[in-house]
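S.K.: Have a look at the structure that comes next, please.
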Amino acid sequence: MEQINVVIAGPRGRMGKEAVELVQNTQHFTLIGVVDHKGAANLDVPVYKDIKECFESDIPHVLIDLTTPEVGYHHTKTALEYGVRPVVGTTGFTPDELIELTQLAESKKLGCIIAPNFAIGAVLMMKFSQMAAKYFGDIEIIELHHDQKLDAPSGTAVKTAEMIKEVREAKVQGHPDEKETLRGARGADIDGMHIHSVRLPGLIAHQQVMFGAEGQTLTIRHDSYNRASFMSGVKVSVEIVMKLDTLVYGLENILE
Ligand SMILES: NC(=O)C1=CN([C@@H]2O[C@H](COP(=O)(O)OP(=O)(O)OC[C@H]3O[C@@H](n4cnc5c(N)ncnc54)[C@H](OP(=O)(O)O)[C@@H]3O)[C@@H](O)[C@H]2O)C=CC1
Ligand SMILES: O=C(O)C1=N[C@H](C(=O)O)C[C@H](O)C1
């Protein structure tokens, strides 16, 4: 199996720590450095404070980014400019940023994977929700996360709504005269679907998609109870990104 050299951005974070462990424990992956803006990572590899400083010194095959929305976008763009394939778990990119990165990957003929959720169960939850949406047009997405999460709604919730939008006829849900007497009571709105974000200590990452029709409801739910649940998706993404020459947004597009 080919050896894949990896740099991880955000190695002290909740996800970054798991990713460091994954890369260090995978025989055909080699961790050649980390990007930590505070230079505080305590690891046996070079610690770079800046992504360009890293790429000027050593060019990995793959950058794994698990940082924050603005930083993740900057890192992904810089990686592509340096000929490095990004595997991005960071959520909160804008639609314009995704379009720009897609075009950049295309022009550089480089693989790039941006996955709002690396957990296989979450990918299935999104796919099953897309299937159900053909039959149930009234949908509420409830995502529940730990209270340190920066972006709301979650990347998974946005992706779920986008996948549902591909198959569901646009419709405004609820009563046509419905009014919020308290702002935000009905959550965010994507194409008439509502998204509700719950943040509580004790939670990790959870989502339920509720469908309603005359006399019945259907609920599809996924729960991540730890961050190891995301790592098999990170591993397969690092392997697959080496074979791609375009940007793929969402693991459902590469899993068979
Ligand atoms: N795709 C998926 O399956 C999953 C995606 N996520 C996403 O991954 C991202 C990270 O989540 P999580 O690990 O929980 O968050 P954390 O806050 O625990 O980790 C983010 C890390 O990035 C670091 N960081 C910030 N700026 C920089 C920078 N310029 N260079 C290098 N490192 C930087 C932070 O350091 P400091 O705090 O010192 O500033 C922190 O250690 C989020 O966007 C989250 O939504 C999370 C789980 C699963
Ligand atoms: O911040 C998190 O924790 C998570 N973020 C991702 C998202 O925004 O969907 C994936 C997962 O839900 C955990």
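Glycine residues also receive a Cβ, built from the backbone N, Cα and C atoms like all the rest.
Take a look at what TrEMBL says about it:
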type     : residues                                                                                             : note
DOMAIN   : 4-118                                                                                                : domain 'Dihydrodipicolinate reductase N-terminal'
BINDING  : GLY10, PRO11, ARG12, GLY13, ARG14, MET15, ASP44, GLY89, THR90, THR91, ALA115, PRO116, ASN117, PHE118 : NAD(+) binding site
DOMAIN   : 121-255                                                                                              : domain 'Dihydrodipicolinate reductase C-terminal'
ACT_SITE : HIS145                                                                                               : active site, proton donor/acceptor
BINDING  : HIS146, GLY155, THR156                                                                               : (S)-2,3,4,5-tetrahydrodipicolinate binding site
ACT_SITE : LYS149                                                                                               : active site, proton donor
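Where in this structure would I find these features, and how exposed are they?
M.R.: Mapped onto three states, the DSSP output places GLY10 (NAD(+) binding site) in coil. For GLY10 (NAD(+) binding site), other Cβ atoms within 10 Å of its Cβ number 26.
Per DSSP, the secondary structure of the domain 'Dihydrodipicolinate reductase C-terminal' (121-255) breaks down as 44 helix, 39 strand, 52 coil.
Sequence-distant neighbours of HIS145 (active site, proton donor/acceptor) (same chain, six or more apart, CB under 8 Å from its CB) are SER154, SER197, VAL198, ARG199, LEU203, ILE204, ALA205, HIS206, listed in sequence order.
Less than 8 angstroms from the CB of GLY155 ((S)-2,3,4,5-tetrahydrodipicolinate binding site) sit THR91, GLY92, PHE93, PRO116, ASN117, each of them six or more residues away in the same chain.
Of all Cβ atoms in the protein chains displayed, 16 besides its own lie within 10 Å of the Cβ of LYS149 (active site, proton donor).
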S.K.: Checking the recorded positions ASP44, ASN117, LYS149, GLY155: which ones have Cβ within under 6 Å of ligand 2?
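M.R.: Cβ under 6 Å from ligand 2: ASN117, LYS149, GLY155.
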S.K.: Hey, for the (S)-2,3,4,5-tetrahydrodipicolinate site built from HIS146, GLY155, THR156, who else sits with CB inside 8 A of the CB center?
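M.R.: Nearby residues not in the site list: THR91, PRO116, ASN117, GLU143, HIS145, LYS149, ASP151, SER154, ALA157, ALA205, GLN207.
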S.K.: Among ASN117, HIS145, HIS146, THR156, the recorded positions in the record, which have a C-beta under 6 A from ligand 1?
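M.R.: With ligand 1 as the reference and 6 Å as the Cβ limit, the list reads ASN117.
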S.K.: Count the other Cβ atoms sitting within 10 Å of the Cβ of ASP44 (NAD(+) binding site), across every protein chain shown.
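M.R.: That number is 7.
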